[in-house]
Amino acid sequence: MVAEAGSMPAASSVKKPFGLRSKMGKWCRHCFPWCRGSGKSNVGTSGDHDDSAMKTLRSKMGKWCRHCFPWCRGSSKSNVGTSGDHDDSAMKTLRSKMGKWCCHCFPCCRGSGKSKVGPWGDYDDSAFMEPRYHVRREDLDKLHRAAWWGKVPRKDLIVMLKDTDMNKKDKQKRTALHLASANGNSEVVKLLLDRRCQLNILDNKKRTALTKAVQCREDECALMLLEHGTDPNIPDEYGNTALHYAIYNEDKLMAKALLLYGADIESKNKHGLTPLLLGVHEQKQQVVKFLIKKKANLNALDRYGRTALILAVCCGSASIVSLLLEQNIDVSSQDLSGQTAREYAVSSHHNVICQLLSDYKEKQMLKVSSENSNPEQDLKLTSEEESQRLKGSENSQPEEMSQEPEINKGGDRKVEEEMKKHGSTHMGFPENLPNGATADNGDDGLIPPRKSRTPESQQFPDTENEQYHSDEQNDTQKQLSEEQNTGILQDEILIHEEKQIEVAENEF
């Protein structure tokens, strides 16, 4: 399929490679079983075709790659061995011309990263293909055979472990623990763990025994390895951890166990896929829901800047899109090409997903408008206005308080005038006068004015002040007259006593 530069076609809009067909004629039914040629070919309808291009490609490649051409195993005249190794220079040349492989013709090979085609679908799934080891008996020694097939009695296996190194590797860098874990021989795994073998040795794909056990769905062996302290976060050559393989296998129990033993839920592989993004890309709805409950990052980005929502839209999974929208995910985020999830949905003609995104956007708009017209905010505004009014009234009160001393001064002047009329300013007051007024205070014995702290609206009228001061003056005058009377009585008593003394002296 030849795509335009910078475009990102959806999975449902993949077209057949007519450009290559026109050169090769009709496709070989064995190599490309779903692609039967173009109607525009100059080849007849009988099925005959010019296969010179196919022969040339075969002669260069030798044996077909089983991942790219699973039904066509090459020519018996090839000088390539039976291991399946081949010269892939022609395949690389073909990739450079075609860009992205047609998913019908090449179901397992997704093209080259150097292609001019956009990043959609440019993921190599070969890491998840054929999880089990390819084992040949002649390549294994006694210990590795016993670990793989597990048919050796326990006593013989113990003797075997004493005589040989339990961490010995074969040609593919696999230990006995790798082989036993991948094939589910839990008794051998337990015996090796009891003998304290090394846990984190890597094979030729940089995978630990735990990674192989999870990849091959051998949960019992994987749990035993986790209990003995195997590191669950060691990535293989593709960047995948054990959790990535558990998510790919939709093994929720294994994923839960890995998280319980410290697996990183945000670890990324070489494509920038976290376990959540991998689950979305592979349309594993149940494990996606599981990871969302485990608080996986919904805004994580792959190497092309795509979120989980964009991946779900590109895959055409309406159920996962609906699941992500329930989490209030950001629908306006763009990838490195500047496209949003809605733009992908429109270009791929995913009408159901377009409707889901439109409904979600309308709900968000209504929510924002309701928040803007919130009555609580109106109450806050009214309370702020009232507080401003109160502040204004408080600012006016000091002016009223400043007028009080003038009023008090007027009342003091009236008191002084009344005192002058009665001549009280020239009298000496005793020390026990009310309000503590004395002649020594420098006020000529006058009563000091009382300062009122009440506002102007609460002060007494002028008539009441005059009555108060006149009553106070009458009391002082009464007190003075009483003191004068007592002085007269004391003088009379003294005079009477002097007369008695004189009478007594005359008698003597």
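Using N, Cα and C of the backbone, Cβ positions are placed for all residues, glycine too.
Listed features, source Swiss-Prot:
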- 367-376: compositional bias 'Polar residues' (COMPBIAS)
- 377-392: compositional bias 'Basic and acidic residues' (COMPBIAS)
- 406-421: compositional bias 'Basic and acidic residues' (COMPBIAS)
- 476-488: compositional bias 'Polar residues' (COMPBIAS)
- 367-488: region 'Disordered' (REGION)
- 172-201: repeat 'ANK 1' (REPEAT)
- 205-234: repeat 'ANK 2' (REPEAT)
- 238-267: repeat 'ANK 3' (REPEAT)
- 271-300: repeat 'ANK 4' (REPEAT)
- 304-333: repeat 'ANK 5' (REPEAT)
Remote residues contacting the repeat 'ANK 4' (271-300) - C-beta distance under 8 A, at least 6 residues beyond either end: 123-124, 239, 243-244, 246-248, 250, 252, 255-256, 259, 265, 307-308, 311-312, 315, 317, 319-320, 323-324, 327, 329-330, 333
Given the model, what does the mean pLDDT over the repeat 'ANK 1' (172-201) come out as? 93
Count up the helix, strand and coil residues in the repeat 'ANK 3' (238-267) according to DSSP, in that order. 16 helix, 0 strand, 14 coil
